[in-house]
């Protein structure tokens, strides 16, 4: 029997959080090996564990996978969260790439200069309301089904609900005019595996604060 997937990253959201979400939603228990210093990261680099000298890295099925999207694709395929055929996978890819664009803006927000932060938040809110939320509301409206693709849970639904929580942290009113997105968030959040992940004490990570940001700076030296 294969061991649990082992996640190598620092103790924060960053680019590992979507992987945590997807594994949790699939009902997969995993271990986390936190990188606590630049020396820890250097050791992984020096022993050949990181193909491109970068994390996240996930040990799974005898592999040391890097690159967030590659890891997500593998997990989604392994746990039947990637559609039934090539057309459904194309839709899932298209939707998740769109989500990734907005998620990247939110991910980088703590790194911006203080004098730029308000403008960045305003831009995120504007794009959320005018571009991203309307697009996904329209998808759900177009087929009247419970999930984005094939009327079956996929990584696209998990990624979207993760994103909805992040947007809610910025401004909880942004979702108010999108009833189908609200319903999707409730539906996915009530799945037993996701509900467990949303509880206190789970591997889910909180928003980055000044302490977490300083820790990341020391590890990654940016």
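Here the Cβ of each residue, glycine as well, is placed from N, Cα and C on the backbone.
Here Swiss-Prot flags 9, 45, 54, 55, 67, 68 as glutathione binding site. In the three-state DSSP classification, residue 67 (glutathione binding site) falls within coil. Taking Cβ-Cβ distances under 8 Å and a sequence separation of 6 or more, the neighbours of residue 67 (glutathione binding site) in its chain are 52, 54.
Taken from Swiss-Prot, the feature domain 'GST N-terminal' applies to 3-83.
As annotated by Swiss-Prot, domain 'GST C-terminal' applies to 85-207.
Residues or ranges marked as N-acetylalanine in Swiss-Prot: 2.
For 4, the entry in Swiss-Prot reads N6-succinyllysine. For residue 4 (N6-succinyllysine), the same-chain residues 6+ apart in sequence whose C-beta sits under 8 angstroms from its C-beta are 28, 29, 30, 31.
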Point to revise | Max pairwise CA distance, angstrom, over record-listed glutathione binders 9, 45, 54, 55, 67, 68 | key: 17
Review point. Taking all residues of the domain 'GST C-terminal' (85-207) together, what is their mean pLDDT?
Key: 97
